[in-house]
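In what follows, a structure is listed as structure tokens, so that the remarks can point back to it.
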Amino acid sequence: MALLMQEDTRFGLDRKIRLLGPVRLDSGAEFVPVDIAYETYGALNADKSNAILICHALTGDQYVASTHPMTGKDGWWTRMVGPGKPIDPARHCIISINVMGSCMGSSGPASIDPTTGAAYAMGFPVITIPDMVRAQALLLDHLGIETLEAVVGGSMGGMQALSWAALYPERVKSAVVIASTARHSAQNIAFHEVGRQAIMADPRWNNGAYYGHEAPSSGLAVARMAAHITYLSEAGLTEKFGRRLQNRDAKSFGFDADFQVESYLRYQGLSFVDRFDANSYLYITRAMDYFDLAEPHDGVLAKAFARTKTRFCLISFDSDWLYPTAESRRIVHALNAAGAAVSFVELSSPFGHDAFLLEAPEMNRIVDGFLRAGEQS
Amino acid sequence: MSALRPDLAIIAREVREGARVLDVGCGDGALMAALRDTKNVDARGLELNAHDVATAVSRGLSVIQGDADTDLAEYPDGSFDYAILSQTLQTTKRPDLVLDHLVRIGREAFVSFPNFAQWRIRFAHMFGGRMPVTKQLPHLWYDTPNIHHVTIDDFRSLLHDRNIEIEGQWFLSGNKPRGDRFANLLAQHAVFKLRRK
């Protein structure tokens with residue numbers, strides 16, 4: 001069996017598949033064909049009960065625990081996923097999928113539209129978080145995985161985990177939702193709109209038709225800078241940079257990056273444009289802004305989880321002002337009202353929203369115990 | 001598994017097999033785990049302390065970090081067979097309201113608390129002239145979590161005012177069960193089983 005799995009080319013690192021779908025989109029359109037880029041780690045067991053789906057955040061990708069091909073950096077969640085970690089390839093068959101709309105191999109605005117032979121650009125349909133999940137479900141069908149032991153995600157990954165539980169309750173035994181929300185708030189939408197306007201104000205954006213030309217990297221860098229501020233806490237920024245000056249003893253009385261925090265943000269912006277597509281940024285932020293899990297249920301979030309058998313574990317961080325604890329609590333109350341088995345804890349961290357990506361032993365302890373308990377039942 | 005605290009052992013003994021239980025102030029989930037493992041109980045917990053919640057969740061229990069004073073309103077009427085409040089009543093801001101919620105959420109409720117009228121405490125108060133510090137109540141007055149000390153007779157009087165019926169009562173001194181004769185004077189701990197009239 002193990003040998004057969006080794007030879008099964010559906011599993012392994014850096015996979016890509018074109019599925020005929022179609023994905024029925026929330027907009028009413030049907031999308032076909034669907035390219036899906038993904039990775040798997042660890043073997044599926046005989047009764048196919050050990051599959052764990054990892055969902056990535058806005059600018060994440062499928063390289064959750066392997067070296068990123070463009071940056072050469074380690075996977076983005078090696079603290080959670082890997083040998084000896086709560087999500088362990090020795091025990092789990094781990095699946096990590098690049099979301100639809102992204103630019104790391106799954107269908108997105110930079111992909112070639114087979115009907116025209118050119119990039120979709122703004123011809124790509126506007127998608128939602130549930131649409132991303134529907135595309136992921138197609139891949140699981142292709143992999144022959146009916147039921148997930150767990151779906152796990154932070155930030156936008158948590159939105160996907162919630163959507164998985166709402167759309168396919170019978171396919172999800174456990175859901176881990178970290179630093180996330182069941183809806184985008186006015187403030188969330190506002191910050192994203194700043195980012196989108198920065199991209200669209202870059203003359204090189206050219207209504208999205210920049211493929212083959214220079215990309216709107218100035219606009220995308222500014223979008224990233226603005227967003228990056230929302231991932232950190234005020235206390236974290238103060239501790240890391242304070243008012244310290246960057247490689248100089250005095251203010252320049254000009255507009256160079258005098259302050260360390262300016263230099264840091266500029267670097268974050270510049271390094272981001274090398275690995276991310278501006279149109280993907282537009283589409284994915286739009287999907288997040290459209291996210292409101294209660295909306296199709298008359299605004300009653302509990303109805304999204306009616307009669308669910310899925311176990312839930314939610315974690316928030318006290319310094320996260322992007323998706324603050326109150327949003328997690330709102331989900332917890334809805335799950336309680338739906339009679340779901342739910343655990344929730346707010347952890348303390350100075351690092352704001354980004355805390356879920358950083359060293360957090362308590363988070364690992366909780367996720368490990370939660371997953372193991374699900375494996376026993 | 002380590003032995004349960006005596007008041008929890010009484011509650012664990014009395015809970016029906018396979019019941020649905022909400023443990024308010026569940027700590028690290030010792031009672032919930034015992035109920036799950038020995039009585040196949042579907043237990044849910046509420047606990048204020050994040051570290052305790054993490055421990056309980058890592059034991060595979062469903063526990064929500066929250067505050068009995070503010071979060072019980074979220075639970076529907078009769079959504080549990082039992083609502084349990086062990087050694088927590090005296091730490092709440094409004095014990096009376098918490099008690100109302102308990103008998104609303106649970107068809108039955110268990111409440112346990114340290115008895116502030118036990119003779120050692122009376123003795124310390126009377127002769128020492130200071131707020132008592134005992135093995136059961138080891139905190140100094142300025143940093144105690146026990147902000148609403150209660151006696152067995154006070155509690156009975158509150159139950160009467162709130163129209164709550166006593167279905168069972170157990171008393172402990174020195175971790176050993178004792179009769180209800182002079183309980184208000186002699187018992188260190190009390191466990192009540194309650195129901196809304």
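Here the Cβ of each residue, glycine as well, is placed from N, Cα and C on the backbone.
Feature annotations, courtesy of TrEMBL:
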{"type": "DOMAIN", "residues": "A:50-359", "note": "domain 'AB hydrolase-1'"}
{"type": "ACT_SITE", "residues": "A:Ser155", "note": "active site, nucleophile"}
{"type": "BINDING", "residues": "A:Arg224, A:Asp354", "note": "substrate binding site"}
{"type": "ACT_SITE", "residues": "A:Asp320", "note": "active site"}
{"type": "ACT_SITE", "residues": "A:His353", "note": "active site"}
If you measure from the C-alpha of A:Ser155 (active site, nucleophile), which of the recorded positions A:Arg224, A:His353, A:Asp354 fall inside 10 Å?
A:His353, A:Asp354
Count, for each of the active-site residues A:Asp320, A:His353, the other C-beta atoms lying within 10 angstroms of its own C-beta, and report the residue with the smallest count.
A:His353
Can you tell me the three-state DSSP label for A:Arg224 (substrate binding site)?
helix
With DSSP assignments reduced to helix, strand and coil, which class does A:Asp354 (substrate binding site) get?
helix
